[in-house]
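Participant: The transmembrane segment feature in TrEMBL is assigned to 52-71, 83-103, 115-138, 150-170, 176-196, 208-231, 243-264, 271-291, 297-317, 329-352, 358-383.
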Amino acid sequence: MGAILTLVEPVVVINKLGTSFFDMALTQTVYNQSLKATAGNSDRAQALSSRFILIQSVLSSVAAMLSIIPLSRMADRHGPKVFLVASQMGSVLGMFTLVIFMYCEVPLEFLYLGSLLHGLSGGGPMFWAGVAALASLSSEQGKRTLKLNIVDFCFGVAGVVGGLLSGYLYQMGPSVLLLTAILVSVVALLYSVFALTDSRRSLSESMLMSAMMLFILGMVGAENVLQLYLLKPPLSWDSIWAGYGRAATSAMYLSSFIGVLGLFKVLGDTALTLLGIVSNCTEMAIMAFTVESWVYFLARGIMMFACVPMPTLRAMLSKNLHPQQYGRVSGLLQLVLAVTDVLSNVFFTSIYPLTLGWFSGFCFLLSCAISYISAVPIMYVNLKRTQRFCKQKAQFLRVM
């Protein structure tokens, strides 16, 4: 398992699929908008589109140059994976500018912001710097040339598949293609942060950080959308009921603390964290079908252990670290969680308006699914710890 998680090829393949889909969506959107602006004149639309692509490319490249020094310093402290994670975060954020453009009345020039975000996050140059560094670290010196060529081969295959599929997805609808591009790119980002390891980070550390990020990704944005969901029919809450709802949400901190006091010695870190995740996810699943106020408060009651996972996961992470690593890892964790918080909000607030016409509770089911996945790395770490303990015990008994 550890050897598999050092492979950078999955990141390259999934990321290329996502960017292939996005490039198709962006090109088609820019050209169609240019046609509208030029009253259907194809030649003028071509000129306008090419001008847009030129400015976009220059903005991204110049911004990427400005990001080289700060990202390189971060990579010196935290490892080359910084290049991959930062550039992919910028790519995903840039994709959401196209979502805003498609559903809001903003000028075409607004899309330059996406290029700027991508560039300031490292862009293509930093992504490939991270890929090359991690591929080199995971290969023997004599096989390094072959390894880097395999990475390029995977990139090419993904580009072929992405190109073939993108046209069909666009025919299903521009929003379908764009949403697919974002989802695939988020998967690549999550793999880079959650699963991909390098020589500077233990597997347990990566897994626990991945659990926290998945939990935040699933919960934060959905909770913010929930506040809007309560104001529309069929609930149609006024300010008084909305205040009751916020109070019920804050009360979870109290019930979670009481739960930790009463159950910690009985359950331990892992079981207590899993209980909190189940509590959160069950509540979100119920919220998806809430049509009466009493159901909302019932769901909040089920969510009584909602605040247990994050502090418990932080404690579990600290137990896997040397004291000298606390500052570095805590700082990196807060940075990653802050970006995850933003991604979660952008993701759910972008999807929610698209679901209002057919199932407005879809976001909460999606939140439930994402947050449940956060249990996987926790159980894996616990399994490895148990196996290690059993092995040490067997060795001790043989010696005796």
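Glycine residues also receive a Cβ, built from the backbone N, Cα and C atoms like all the rest.
Where the annotation comes from TrEMBL, it is an automatic prediction and has not been curated.
Situate these features within the shown structure.
Facilitator: Sequence-distant contacts of the transmembrane segment (83-103) (same chain, at least 6 residues past either end, Cβ-Cβ under 8 Å): 8, 11, 15, 18-19, 22, 25-26, 29, 67, 71, 74-75, 110-111, 113-115, 117-124, 126-127, 129-131, 133-134, 174-175, 178, 181-182, 185-186, 188-189, 192-193, 196, 336, 339, 342-343, 346-347, 350, 353.
Outside the transmembrane segment (150-170) by six or more residues, the chain places 8-9, 12-14, 16-17, 19-21, 23-25, 28, 131-132, 135, 176-177, 180 with a CB less than 8 A from a CB of the stretch.
Under 8 Å from some Cβ of the transmembrane segment (176-196) lie the Cβ atoms of residues 5-8, 10-11, 14-15, 17-22, 24-25, 81, 84-85, 88-89, 91-92, 95-96, 98-99, 102, 134, 166, 169-170, 206-207, 209-210, 213-214, 217, 336, 343, 347, 351, 354, 377, all in the same chain and six or more residues away from its ends.
Remote same-chain partners of the transmembrane segment (243-264), defined as residues 6 or more beyond its termini with a Cβ less than 8 Å from a stretch Cβ, comprise 223, 227, 230, 237, 272, 275-276, 296-297, 300, 303-308, 312.
Same-chain residues lying 6 or more positions outside the transmembrane segment (271-291) and placing a CB less than 8 Å from one of its CB atoms are 211, 215, 219, 222, 226, 229, 234-235, 256, 259-260, 263-264, 298-300, 302-309, 312-313, 316, 361-365, 367-368, 371-372, 374-375, 378-379.
Within the chain, the transmembrane segment (297-317) has long-range Cβ neighbours (under 8 A, six or more residues past its boundaries) at 205, 208-209, 211-212, 215-216, 245, 248-249, 251-253, 255-257, 259-260, 269-270, 272-273, 275-277, 279-280, 282-283, 286-287, 290, 329, 333, 374, 378, 381.
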Participant: Counting Cβ pairs closer than 8 Å, which of 52-71, 208-231, 358-383 has the most of them with the transmembrane segment (115-138)?
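Facilitator: By the under-8 Å Cβ criterion, the transmembrane segment (115-138) pairs most with 52-71.
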Participant: Residues sitting near the transmembrane segment (52-71): Cβ under 8 Å, six or more positions beyond its termini, same chain?
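Facilitator: Tertiary neighbours of the transmembrane segment (52-71) are 30, 34, 82-83, 86, 108, 111-112, 115-116, 118-126.
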